[in-house]
Every structure is written in structure tokens, then in C-alpha cells.
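Visitor: Right, I'll just put the structure down here and ask away after.
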Amino acid sequence: MLCLTPISTLRSSSTFRFPSASTVISAATRAATATDNPISVSVHSILDTFTDIEPHLSPLVPSLTRHSVSAVLSSLHHRPLSAFRFFVWSTHIPSLRSLASRDAAVSVLRSGGPHSAWTVLRDLRCCRLPIGPLAFDVIIEAYYASGAVDDALKAFVKMREYDSCPNTFTYNTVLHVLVRERMVEVAVGVFNQMVMSGSHPNRSTFDILIDGLCKFGRFGGAITLFNEMFERGVFPSTTTYTVVLSALFRAGRVDDALSLVGAMRSNGVGLNSVTWSVVLNGFCKLGRIDEALELGLLFKRDGHDLGVFNYSCLIDGLFRRGRFGEAVGLYKVMLEEEKVELNHVLYGVMIKWFSKAGRLVETVGFLNEMRRRGLVPNSFCYNALVEGLCREGYLEIAYRIVRDLSDIADVWTYTILINGFCQAQLTDRGFELFKELQMKGYSPNNVTYRTLIDGLCKAGNLEEALFVYHSMDGRGRDPSPFIRHVVFFCDSGEVFKAYELLRGLGDSGLVLDIRTYTVLINGLCKARKINEALEIFKDILIKGHSPNVVTYGTLIDGLHGVGRLEISLLVFQLMLKGGCHPSLPVCVTIMKSLCQMRRVSKAITLWLDYLLLGSGFSDRELEALAIVRREFEAGCIKQAIVNLLDLDCNRDTVDYLPYTVWIIGFCQVERTGEALMIFHALKERGIHVTPACYVWLVRNLCQEEKLDSALDVMLCALDEGVLLWNKGNELIERLRGRNRKRDASDLLCRMIEAGKGHSLINNGSISKTGNIFLDPLSAEDVIYIWAEIALLGLLCDERL
């Protein structure tokens, strides 16, 4: 729920800025300034003479200024150790702190190597001198400016080692780095750590996070943070409002956006031209044109000019809703009353929509009006006219325009014209235009080729279609236009026409190899036209083609996907009889089908048969396989798995996939004991299982109230970095229900240590810190976990 309570007063806060090195004047100029300044000369003398500079610099404080400090830092461009130590000393004196000195320190460290800063910090720590957070802020920014992102983030974590606590400014620097590196989840975690540590987020903190969340589609989280700003007494700026409004429109929450605009006005927050443009464009694109027009009137009433861009949005929105009269009326108001200077964008809108409506006389009138105003119509305007002419059947007029405007016409112009002739079933003319396009030196794009081939195929001119196809660049050559028509007939239930086209393609010289047939079967399977795919497969066999493992696998996957499990088994048997060795994915798919049919033992037997199809087994290994088979048949699951794993390890061919399929299969038939036997056998050998196995095991064990086993499996998952939050929460609740709060608390701690705490955004809202942890986990523990584990353990985790 958006926080829309009117705000009586607004608090201003400085905008957080990340200056680049280009904002700092050249080192040579500043060095000269430093040498001309007596106080700077004194500072240089101390830096040149003493190692422990701090007590010798203290008497100079009354004479130093922010400008002189930044000048000295700039003059030390080739002495990063001295510069950084001087900067750290200056940060402890409030009157000497400035963004200019920060800029200079970042520039010096970046050029001299940020790693040199740690030498200074170690010396200061040995001398028991305090190290403020601004020192780390400079290190973090210098590392990031040098491209060393990991080092920048580790520098933030290492503040604790130097008894330095990050302040709001330092947190903002880290948050900005994380957002720029697309690590939004970790940024939210750092924000929560910031709150728990007692630092107070300011407007810049929220701006950074809200902007990052919006850029990566986390609109719910952005709006939650926006509401939290009010709860913390931090009032958004116009920029913040604009970012949130854009997020609301992209999320389709138009009414909330309109309410927020009203709140801005009632709170006295000014709407600038960018904000109005976001609002008007958002309402227009979502079809809420009436609200957009009302807001436009409000904008004008406030004394602002809508401008050509906003007028273009409103007019385009009216056209989209079919309100041509109002769109033209608004155009006249803009032109005659507002005296807005028109541009290509607005004329492009008018020409496009009048052309789409078939009002070609007015379309030409707008083109002439552009010329009278000194605007030269571009290819977009002429293409819109040509498309309208083609749509209305004035193909010859469109062609004459293209011919007369050869200096403006481009490949898209010809593509539109070719499509018009093909749609009118005048494919001969389309083919001539294609040749003309090439003669004029244009390079047809893939759309041009597909348009012409599609038209020729529809007209049955396969020979010419093949000519165009073979004239394509080999890298862009794609038989999909031909196959698409076959698929189209199949989708329409006209299988006979599909077969006719296939035969016609074969007679026309296009060799439909097994790969082409496989592509066709794949398309039919994706469209869930399994019967048609089976017919194509049967036709392949009749014509004497030999399906390959990809063909068989494609059809088997398609059958498995629609639940035709018995038929998939028959196709698999046909595959074996045809001498085609199944691939591992095909075998796994068949085993999954068998498990779904509650035939887990058959799946295991199938795998043993699959192994025998391979080569290179010695007599001893064949005997070992026979023993494994007998053990499975006798129900000795764990021993059979152990022996099979021994065989795999000896051959160095261990593959976890079949074992995980069996684990899930046994869980599906509620034989969790056998599944657990396989799981433990794998864990003893250090073989990982898939996350799905953990999910099934924990689920079944919880349902069977075997909580100790479920807890063991969950801990194994956490050790492997598998984060099962839903199942973990379920297990925690069950443990608490059994009055095992200590186990529940320990599990929660382990889950947080594994890398993702509950204080992250969850289901679109940010959890309040301190409320979600069980009693044994104190707030101090949480801070420690985030500082030492969440950051160090997760910053390099690309999954975030």
C-alpha cells in the first residue's frame, strides 16, 4: 500500500554524488598551487621529514583549509602512501572534510594502486591511531574505479578488523557499487545490515536502492522501500517520485501512480518536465488517455509548457484508442494556439496513424506540410505512406513513390513494398522488386528474405522460393519459412497439405534431410501436436531415412511432456532395435517416464541395460554388473548402489543423474527409505545430488514426521550451498511444533550462514529487522553474520 499521507514539511538532504576522476583538476596545476602556498609548503616539509606525521600536522590545523588540503593531496599524485595518510588524518577534522579532497584521494589511490592503502592502515593500527570510515570510502571507490569490484567489497567487510564502523556515506558507496554490478539482492542485504547497525539511511540511500530495484524489475520491493522512507522520516525528492512512478507504470499499477501524483501535489513536491513526461507517457501507453489529458491540463494550469514530446504522447495515445477527431483537434490546438514548434517525431505520429486508417490524402498533406515548415521527411514518414498505400491496394502508386525517392528509400521501404505485392498474390512483381533492390546496391536483410520466400511459398512458386533461399548468405540461410508452412498446415489440422508441401519441396530440389525433419518434429512437439509429429516420424521411416539420436530424443521428450509415456517407451524400444545408441539425456527421460508410471525398478534395470550397450567392459566388470542386477532384484538397494558406485568410480565414469532420478522416483512412490539409502550412499562418496532431490526428501520426511532425518538432509543441502527456503521454513515450523526450538534456531542460523538471510526482501516486502529471528539469535549475532558471512560469502555469487 503506497504511503500517500500529505507531508506538511519537506526536509532537504544533500544529494549523494560519486564524482569521477575527470572532476579533479590536473595534478600538475594543483602541485604548482601547493608549492606557491606557504601552508602547503609546510605540509610537504612534514610529509618529507617525518613518518609519524600526525602530531606534527596538528599545529597547522588553524591555518589549513579545505582547499589547501585538496591541493596538497593533488600534488602528491606520485606518492600515494603519503597522500593517503594525510587524507586519513584530515578526515578526523570536520572543518577540513570536503568532496574535493575525497576526489583527490580517490584519484591518487587509483593511479598509485589501491592496495598501497593497506600499508598505511596497518601502520596506523600499530600506532593505535583512529581510522575513520571515510578512509574506507576512498579505498572502496578507488578499487571500483580500477575495475576491482571484489576487492572494493572486501574492503568494506575488512573495516571491522580496523575498528572502524561504516557510516551512512560508506554504506551508500557500497550500495552504489552493488547496484551498478547488478547485485541487487546483496545490496538489499547490506541495507538491512545498515539498519541493524544503527546507521540511518538518508534520501540518497533510498534513491540508490529504489533505482536499482526498478532497473531490474523488482517493482514491488522498490515501492516497499518508498513507503519505508516515510516511516523513517526521510522525504523523497522529485527524482525519487519520478523513478517510483515509472516503476508503477511498468508494473501496470496505474491507479496507484495517479494517487501518487495527487500526493506529490498535496505535499508541495514539484513535478518537473521529466516527471510529467513519465506520467503522460505511462497513461497513454496503458490506454488511460482520459487521465493523461486531465494531467496535461493540470500541468498547463501550473504554468508549464507541455512541449512537443508530451503532445506527441497524448496525440499518439488518442490515435491508439481510435479517437481520431480528438487527436486532430489536439494537434490543431498545439499548432494554432500553443504555437509549439513541430518536429519529425510528431509528424511521424500523424503520418503513421492517418496512413493506418487509409486516409492517404491527409497523409500526403502532412508530408507537404513538413516541407513547407522546412522539415525534410525521413524514411520513417515515407515508409508509413508506402505501407498505407500497399494496405489500400495502391501498389503501383506506392511503387512510383519508391522509384522517385530512390535517395530516401531504404531496405525497409523495399521490404514493405515486396510484402504488399506478395500479400496481393503478385509474387512475380515482388520477385522483380527483390532483384531491383539488389541492383541498387542494397543488402536484403533476413526480414526481406523471409517476406519474399513466405509469399512465394504461399503462391506455390517453390522454384523461385528456393532460388531466393540459395541466394542468401550461408550464415543467415534458414529453411524455416518452408518448414513454417508445413507446421502451419499441421496446426490447422491440414496434415495432407503439409505432406503435399513436403513432397513439393523435395521435388523442387530442397533436400529435407533428417535434421530438417527433426526441426519439424520439434516444432510440432512444442505446439503439442504429438499425433502429427508421430505421423511425420512414420513418414521418415517409410521414405527410408534413418532417424538419429536427436530425432528419437526430440520425439521421446515430446511424448514425455504430454504424458504419452507408454508410446515414448515404444519409440525407445524402436530406437534400440534400429541400432541407435541412446544418449544419456534420452535414457534419463525414459527413466523419468518409468518413475512417473511407478515402475522405479524398471528404471534401474533400464540403466543397467544402457550401461551394457557401452563398450570397453572387462569380464570382471561385466560380472560386477550382473551382481548389481541380482542385488536390485533381491531388494538390496543400498548394497547394489554401493557396488554400482564402486564400478563407476573404478571406470571414472560417475554420473549423478541416474541416481537422482531414482531418488525422486522412490520418493514419488512413497518409498522414502530406499531413496534415503541411495542418498546416503552418494554422500559417503562425496557425490552431489540435484536440489530437486533435497526438496523431495525433506518433503517426504516431514510428512512422515521423521524430523531427525529431514534435518540431516537439510543440513547436507546447506553444506552444498543449496538454499531450500520453503522446505526449510516448513521444517522449522514442524520442529517448533515439537517444542524443539533449539534445533529450529540452529537451522535458521545455518540457513542464514549459507548465504541468504530472512531480512532480504521477501514476497515483495522487507522484513522488519529483529522480528523474524528466534530467541537464541540476538541482534548482535545477526550483525556479525551479515558482516562476516553474507558479504564475504555472497558477493561473488553470480546467482544473485
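If you go along the chain as it appears here, the first residue is 1 and each next one adds 1.
Here the Cβ of each residue, glycine as well, is placed from N, Cα and C on the backbone.
Checked TrEMBL, it gives:
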REPEAT    132-166  repeat 'PPR'
REPEAT    167-201  repeat 'PPR'
REPEAT    202-236  repeat 'PPR'
REPEAT    237-271  repeat 'PPR'
REPEAT    272-306  repeat 'PPR'
REPEAT    307-337  repeat 'PPR'
REPEAT    343-377  repeat 'PPR'
REPEAT    378-408  repeat 'PPR'
REPEAT    410-444  repeat 'PPR'
REPEAT    445-479  repeat 'PPR'
REPEAT    513-547  repeat 'PPR'
REPEAT    548-582  repeat 'PPR'
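Could you place the listed features in the three-dimensional structure?
Guide: For the repeat 'PPR' (202-236), the number of residues in each DSSP class (helix H, G, I; strand E, B; coil) is 26 helix, 0 strand, 9 coil.
If one looks beyond the repeat 'PPR' (272-306) by at least 6 residues along the same chain, the residues whose Cβ comes under 8 Å of a Cβ in the stretch are 238, 241-242, 245-246, 248-250, 252, 254, 257-258, 261, 264-265, 313-314, 316-318, 320-321, 323, 334, 338, 340.
Within the same chain, residues 273, 276-277, 280-281, 283-285, 287, 289, 292-293, 296, 299, 343, 345-346, 349-350, 353, 357 sit at least 6 positions outside the repeat 'PPR' (307-337) and bring their C-beta atoms closer than 8 Å to a C-beta of that stretch.
Long-range Cβ contacts of the repeat 'PPR' (343-377) within its own chain (Cβ-Cβ under 8 Å, at least 6 residues beyond either end) map to 308-309, 311-312, 315-316, 319, 324, 327, 331, 384-385, 387-389, 391-392, 394, 408.
Looking at the repeat 'PPR' (378-408) alone, the prediction's average pLDDT is 83.
When Cβ-Cβ distances below 8 Å are used as the criterion, the repeat 'PPR' (410-444) is approached by residues 379, 382-383, 386-387, 389-391, 393, 395, 398-399, 402, 451-452, 454-456, 458-459, 461, 464, 468 of the same chain, each at least six residues removed from its ends.
For the repeat 'PPR' (548-582), same-chain residues at least 6 beyond its ends with a Cβ under 8 Å from one of its own Cβ atoms are 514-515, 517-518, 521-522, 524-526, 528, 530, 533-534, 537, 540, 589-590, 592-594, 596-597, 610, 613.
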